[in-house]
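Input: a single structure, listed below in structure tokens.
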Amino acid sequence: MAEICASAAPISTKNTSVEELRRSVTYHPSVWRDHFLSYTNDVTEITAAEKEELEKQKEKVKNLLDQTPNDSTLKIELIDAIQRLGFGYHFEEVIDESLGEVYDRYEMPSGKDDEDEIRVRSLRFRLLRQQGYRVPCDVFEKLLDDKGNFKDSLITDVEGLLSLYEASNYGINGEEIMDKALKFSSSHLEGSIHKMPTSLSRRVKEALDMPISKTLTRLGARKFISLYQEDESHNELLLKFAKLDFNIVQKMHQRELHHITRWWEGLEFGKKLPFARDRVVECFFWILGVYFEPKYEIARRFLTKVISMTSILDDIYDVYGSLDELRRLTHAIQRWDISVGDELPPYMRICYEALLGVYSEMEDEMAKKGQSYRLLYARQEMIKLVMAYMVEAEWCFSKYFPTMEEYMKQALVSGAYMMLSTTSLVGMEDLNITKHDFDWITSEPPMLRAASVICRLMDDMVGHGIEQKIISVDCYMRENGCSKEEACREFWNRVKKAWKCMNEECLEPRAASMAILARVLNLARVINLLYVGEDAYGSSSTKTKNFIKSVLVDPIHSIEYHI
């Protein structure tokens, strides 16, 4: 989220109005405006023929899964293709059962199978870790020479190196061999990419830019479908089903975004709050990264509205509000009473009433299911968030320079991922999510703190030098007497450790179900996509626009070219 602060001007003077003292920043207008209002029911209708064809092809894929032996290389290759093509959610139980058998046989002698092949060894390891199995990394020791380095003979096996690279991104803290594997595979892939055939070099480049472990399912599927189609050994059944499923789900998402856009247009924030980012489509894309599956439609609607309101609040606290106004807004949100809105200036009242309206909508729907308690947690996390915003605003206006420890204590909250992670569970009605799960996620467990570290540090690294607010880069440089480059190098190391922490938290025994952990993991993946090298949320007219087009505008045709 953007962080813009006042310059050295005092907070107020006798002869200067609040309007003259307001901070300001210029954001580009919405890229999409009312584009998605055109996706009406007749446009996004899924025909009976499409539904029938989907079920027909789905049954064929299931038969293929059932008929392929679990102890074969073909089975793990099939599972990998299904997951990367984006329709693994249809076959979660079958895949889980199959990989369970693979895990049971993991350390058994392989006979004449190609167990020692680097590609297969790495693929099996990755799939099992993705599934949460705590498989040991010593399986890669056989690939080392007498000096403890990876054998030179592996360098020419590009497919093997690529598989090793993907597997090494599932390492956890303390696994030195996985660090070696990542360095070895990535360096040799980068060094030889210009010598590879075009189709292979594209696969390698995509992987180096965004490994599977950090890839958003829908965006990754769109890209992989194109790559998979170019592979001469591709399975035509899988390719056909992937395209059909992608297009059908895209229609569902377009219909959802139509209703979200209509809600947003009704609020008229673009006119009434012109200082704020108008990014509701980008917010929907963000939440699509958290959960894309059709069954999470209600959860997606809830969380999209909450993150959209959070973006507006963020701009009020960081860009526009005076200190007195911000104190009043914070007090009002702590009170959580619609009548308190009368005490706010008009522009804040608009936002405050819309915020309470979103939570009232959620509460009404969850009350019908006897799950109103979930809103107590969600509201409290929003209150905690704005209190952190307020602390940072006080620092900004008083020109207080916090220590790195002081800053991170607030910044891990103000990054909003603690609030969003908790709120992501509210609408997940199909799962047996309990009060215990909400108690766990609001206790700031390691998984959530790691995601918050990734969110905060990646945001701050791209924001330094642009934002006028003191952020982590400034704090670290001041405390350690170092350059921005040295600070960012340290932060990247912290981000890498946080990813490894998240990898480990997803392994059995887990503190929560994978369905819950996946929301936190996916939130980190979105940040990793949008905040590498730039703030592609605040400036969403290029890279982010293309991402959105690929998953929410352009259907997949019979001939699909690279995105």
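Each residue, glycine too, has its Cβ placed from N, Cα and C.
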Quick check on the annotations: Swiss-Prot lists region 'Homodimerization' for one of 278-315, 392-429, 506-543. Which range is it?
392-429
Which residue among the binding-site residues Asp314, Asp318, Asp459 has the fewest other Cβ atoms within 10 Å of its Cβ, if you could check?
Asp314
Report the DSSP secondary-structure composition of the region 'Homodimerization' (320-326) as helix, strand and coil residue counts.
5 helix, 0 strand, 2 coil
Taking a Cβ cut-off under 8 Å, which residues six or more beyond the ends of the coiled coil (44-71) line up next to it in the same chain?
78-79, 82, 87, 90-91, 94-95, 98, 101-102, 105, 235, 237-238, 240-241, 244-245, 248, 251-252, 254-255, 258
Using C-alpha atoms only, work out the spacing between Asp314 (Mn(2+) 1 binding site) and Asp459 (Mn(2+) 3 binding site) and round it to an integer in Å.
14
Could you tell me the C-alpha distance between Asp459 (Mn(2+) 3 binding site) and Asp318 (Mn(2+) 1 binding site) in angstrom, no decimals?
14
